[in-house]
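According to TrEMBL, the features are:
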type: DOMAIN; residues: 29-300; note: domain 'Gcp-like'
type: BINDING; residues: H109, H113, Y130, D294; note: divalent metal cation binding site
type: BINDING; residues: Y130, V131, S132, G133, G134, D162, G177, E181, N266; note: substrate binding site
Amino acid sequence: MTIVIGFEGSANKIGIGIIRDGEVLSNPRRTYITPPGQGFLPSDTARHHRAVILTVLKEALEQAGLKPADIDCVAFTKGPGMGSPLVTVALVARTVAQLWGKPLLGVNHCIGHIEMGRLITQADNPTVLYVSGGNTQVIAYSERRYRIFGETIDIAVGNCLDRFARVIKISNDPSPGYNIEQMAKKGSQYVELPYTVKGMDVSFSGITSYIEEAAHKMISSGQCSAEDLCFSLQETVFSMLVEITERAMAHCGSGEVLIVGGVGCNLRLQEMMGVMCKERNAKLFATDERFCIDNGAMIAQAGWEMFRSGQVTELEDSWITQRYRTDEVEVTWRD
């Protein structure tokens with residue numbers, strides 16, 4: 001049996017998870033939450049992570065009922081993500097690996113999401129829609145790489161939703177996206193917003209700029225409610241995502257879609273993708289907030305796959321990078 005511990009802290013979540021041969025033994029997590037109207041700064045986020053990481057580590061070991069001696073490998077998020085939080089978590093992972101005398105593994109954050117999704121849903125070879133606060137990509141596996149077929153050319157879909165939430169002062173607890181989703185359920189009027197798909201790619205900066213400028217005018221003039229804007233924004237950006245996912249499926253001849261990343265918890269996105277999949281006689285796979293939101297177990301699972309295929313990261317190569325493309329990683333654990 002191979003047991004891997006995974007450290008994740010690339011954004012405002014700090015998580016440590018332990019995986020034993022496909023079984024999640026523990027997966028505690030903490031979230032840095034800012035007041036309504038504010039985002040999270042890298043330095044403040046790193047300070048939050050430093051304050052709680054040892055508590056989360058203790059919880060992970062206790063919940064799993066394991067001692068450091070039982071761990072076979074220490075995996076951590078190498079990137080992409082926010083610099084200061086990544087450094088904080090990598091430092092702890094490196095220290096723990098040396099103290100415990102265990103091999104170290106730097107993991108690509110996106111591949112952590114994909115491998116966790118594949119494990120939990122048992123999807124075979126899906127077209128992957130990866131949607132989060134920092135990333136938006138349509139991905140498919142081919143010849144030892146996760147190939148990016150389409151992506152955002154500017155900001156991520158989660159960042160678009162977060163920025164809108166800040167404009168109209170929606171709470172960040174538990175997350176802006178979740179609160180937008182709940183408000184959208186009460187919206188009834190569709191407000192037309194900029195829709196930008198360019199081939200296989202999407203752009204969210206135009207719709208973000210438009211809604212940031214127009215939101216207060218529309219709401220104060222009685223043209224629509226905040227709930228209507230939440231509804232309209234979701235319908236528009238999710239339609240864009242479904243369109244490029246379907247195009248990638250057609251290109252790859254794929255019969256499966258897997259949605260991963262924090263925005264992937266959104267039930268409306270899952271519903272819209274489900275309609276498209278049904279029309280194509282395809283299967284939709286998605287996970288709940290335990291595994292689609294950033295967590296340590298996903299890094300442990302990707303680390304488990306990598307470690308079992310013979311990969312390790314030497315200490316001098318255990319630096320972090322804010323820019324780490326999904327297709328940079330050689331996938332040595334698949335056919």
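The backbone N, Cα and C atoms fix where each Cβ goes, and this holds for glycine too.
All annotation found in TrEMBL is predicted automatically rather than curated by experts.
When the binding-site residues H109, H113 are compared by the number of other C-beta atoms lying within 10 angstroms of their own C-beta, H109 comes out lowest. Same-chain residues that are not part of H109, H113, Y130, D294 yet have a Cβ within 8 Å of the Cβ center of the divalent metal cation site turn out to be S10, C110, G112, I114, S132, N135, V260, G261, G262, M298. H109 (divalent metal cation binding site) sits 20 Å from G177 (substrate binding site), taking the C-alpha atoms as the reference points. Considering other CB atoms within 10 Å as the measure, the emptiest surroundings among the binding-site residues G134, G177 are those of G134. Y130 (divalent metal cation binding site) sits 15 Å from G177 (substrate binding site), taking the CA atoms of both as reference points. Counting in whole angstrom, N266 (substrate binding site) lies 14 from D294 (divalent metal cation binding site) by their C-alpha atoms. Comparing S132 (substrate binding site) with D294 (divalent metal cation binding site), their Cα atoms are 9 Å apart once rounded. Listed in sequence order, E8, S10, A11, K13, G15, R29, H109, S132, G262 are the same-chain residues at least 6 apart in sequence whose CB falls under 8 Å from the CB of D294 (divalent metal cation binding site). Here H113 (divalent metal cation binding site) is positioned 13 angstrom away from G134 (substrate binding site), judged by their C-alpha atoms. Using a 10 Å radius centred on the Cβ of N266 (substrate binding site) and all shown protein chains, the other Cβ atoms total 25. The two recorded residues, G177 (substrate binding site) and H113 (divalent metal cation binding site), show a Cα separation of 18 Å. For Y130 (divalent metal cation binding site), the Cβ neighbour count at a 10 Å cut-off comes to 26, with all displayed protein chains included.
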